[in-house]
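Asks: Can you keep this structure in mind? I'll have questions shortly.
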Amino acid sequence: MKAYQRRFIEFALGKQVLKFGEFTLKSGRTSPYFFNAGLFNTGRDLALLGRFYAEALVESGIAFDVLFGPAYKGIPIATTTAVALAEHHDRDMPYCFNRKEAKDHGEGGTLVGSALAGRVMLVDDVITAGTAIRESMSIIQANGAALAGVLISLDRQERGRGELSAIQEVERDYGCRVISIITLGDLIHYLEEQPEMAQHLAAVKAYRARYGV
């Protein structure tokens with residue numbers, strides 16, 4: 001596990017974005033942990049979050065031409081990632097996001113920001129069922145662009161309804177890499193280093209054994 005990944009876990013724990021306990025997911029599964037990126041909700045949070053996204057993106061080595069943040073949660077993520085790439089990695093990249101509803105005045109259309117062209121790096125908080133990715137793909141393809149990759153904060157590494165995770169399905173269906181700041185495996189590795197969190201470690205490992213990919 002990289003140092004920035006450990007810092008991200010501690011950041012998420014400190015903001016209660018990452019919590020341990022018993023949580024019922026939309027899938028009906030009872031999860032021993034919960035991740036709510038919506039609680040990164042201050043200016044400082046967003047500034048730090050962008051640095052973590054930028055770090056993961058640069059480390060991945062994936063070539064891209066524009067960042068795309070799908071409405072709504074992807075919008076601040078794309079924005080802060082673009083700022084962090086420019087400020088900390090000297091990479092001044094264009095970014096773009098979509099509106100849920102088309103605007104019929106001013107610049108019009110459903111896209112805001114840079115043109116959606118070339119190789120698109122899609123940034124979002126998590127992938128649950130892959131629905132948002134499929135919606136974004138229709139926008140990307142309609143603009144004649146191509147999906148270079150997807151970057152999210154956490155890969156839960158768990159099966160969907162079949163044998164694959166939603167992320168593996170996206171990689172299979174669109175032929176791109178999905179990268180994340182951290183994975184469930186990273187989280188388990190972190191818990192193994194924290195003796196005071198041993199009770200959570202057992203529950204998370206049991207969950208991975210049952211639902212993991």
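Just so you know, glycine gets a Cβ as well, placed from its N, Cα and C.
Below, the features straight out of Swiss-Prot:
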- Lys26, 72-73, 99-100, Lys103, His105, 124-132: 5-phospho-alpha-D-ribose 1-diphosphate binding site (BINDING)
- Phe34, Phe35, Thr128, Arg156: orotate binding site (BINDING)
Asks: Among the binding-site residues listed here, Lys26, Lys100, Arg156, which has the most company in the form of other Cβ atoms within 10 Å of its Cβ?
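Replies: The residue with the densest Cβ neighbourhood is Arg156.
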Asks: Check the Cα-Cα distances from Ile127 (5-phospho-alpha-D-ribose 1-diphosphate binding site) to the binding-site residues Phe34, Phe35, Arg156 and tell me which is shortest.
Replies: Arg156
Asks: Hey, of the binding-site residues listed (Phe34, Phe35), which one tops the CB count within 10 A?
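Replies: Selected residue: Phe35.
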Asks: Near Thr131 (5-phospho-alpha-D-ribose 1-diphosphate binding site), how many other Cβ atoms are within 10 Å of its Cβ?
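Replies: Taking all protein chains shown, Thr131 (5-phospho-alpha-D-ribose 1-diphosphate binding site) has 10 Cβ neighbours within 10 Å.
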Asks: Given the recorded orotate site (Phe34, Phe35, Thr128, Arg156), which additional residues of the same chain have their Cβ within 8 Å of the Cβ centre, ordered by sequence?
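Replies: My list of surrounding residues reads Leu25, Ser31, Tyr33, Val126, Leu154.
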Asks: Say you check the Cα of Arg156 (orotate binding site) against those of the binding-site residues Lys26, Lys73, Lys100, Asp125, Thr131; which is nearest?
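Replies: Result: the closest of the binding-site residues to Arg156 (orotate binding site) is Asp125.
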Asks: Measuring C-alpha to C-alpha, could you say which of the binding-site residues Lys26, Lys73, Lys100 are within 10 Å of Thr128 (orotate binding site)?
Replies: Lys26
Asks: Can you grab the distance from Phe35 (orotate binding site) over to Asp125 (5-phospho-alpha-D-ribose 1-diphosphate binding site)? Cα atoms, rounded to a whole Å.
Replies: 10
